[in-house]
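Engineer: I'd like to ask some things about the structure below.
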């Protein structure tokens, strides 16, 4: 894997550090393999976060799942807490975002589309699904997080009416309780049941159009992260996240590969705040360029191969995205393709 560690105001030239992997310690296998600004990362570890995950049913063939959040809604624009209420609809900007997502995904082949039945996500799904003949599958389990008495309030109203409870929602969402419910914990349980439905469906490529919080929970439960990671995997309006499920030869829970996380049409390294916070450091994760055995349809444990010509070009394009950044250091896997990608970026 290759990490580019960036300080917004740093200065020194970058050096490449090779990362020596440590031996695996347990059987849990989660892969993160992202595009442009992400990396191949295999995690084989055991800890309290992973203990909250559940094994997925075995699958017979590889399956790709593409998650999309709905476009901007009227209540998004107003700053109103939506939860699982169904009173907001897409704005003109939201419909435009959905059309942009349709264009982003135009080369993807989908066998099925699951969607939250709430109006804002239902309309987004209709725009993206477009001319497909297969009907959209509405499923209430894909609705947004249930926020009970918070729903419909402007954020300042929530703070005024609920005080300490609203503060807990902001700083300790996993333990947030309202009206006798723990909304984030309930959401995580619901996300696990959603995966059971998706994996049981007879399809190879599935589109899911839903919401910010539920898509966060779907990503997190797939890669073994608990509700304490709520708000860590934010999903932008019409942001696209992609997970690949690869069957194991010996059966059992499949390999899980996070291929993309919250991909949007804008630059993946655009500056600005993240979740409302100004970062003091930035870490940019980049996948190595293409090799002879490294295509989108191949599971990314295909041996140690150097970059092919396409991989060289991809590495050069990634380097161009980074030209205006001050890179302090580059950390690379010992994999030949990773070293090749890191070297090209360092040279440019």
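Every residue, even glycine, has its Cβ placed from backbone N, Cα and C.
Because TrEMBL annotations are produced automatically, they should be read as predictions rather than curated entries.
According to TrEMBL:
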| type | residues | note |
| --- | --- | --- |
| BINDING | 69, 70, 71, 72, 73, 74, 75, 76, 120, 155 | substrate binding site |
| ACT_SITE | 70 | active site, tele-phosphohistidine intermediate |
| ACT_SITE | 144 | active site, proton donor/acceptor |
Engineer: Calculate the distance in Å between the alpha carbons (Cα) of residue 73 (substrate binding site) and residue 144 (active site, proton donor/acceptor), and round it to a whole number.
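Structural biologist: Between the alpha carbons of residue 73 (substrate binding site) and residue 144 (active site, proton donor/acceptor) there are 13 Å.
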Engineer: Listed substrate-binding residues 69, 70, 71, 72, 73, 74, 75, 76, 120, 155 - what's their greatest C-alpha to C-alpha distance in Å?
Structural biologist: 21
Engineer: Rounded to a whole number, how many Å is the Cα of residue 75 (substrate binding site) away from the Cα of residue 144 (active site, proton donor/acceptor)?
Structural biologist: 13
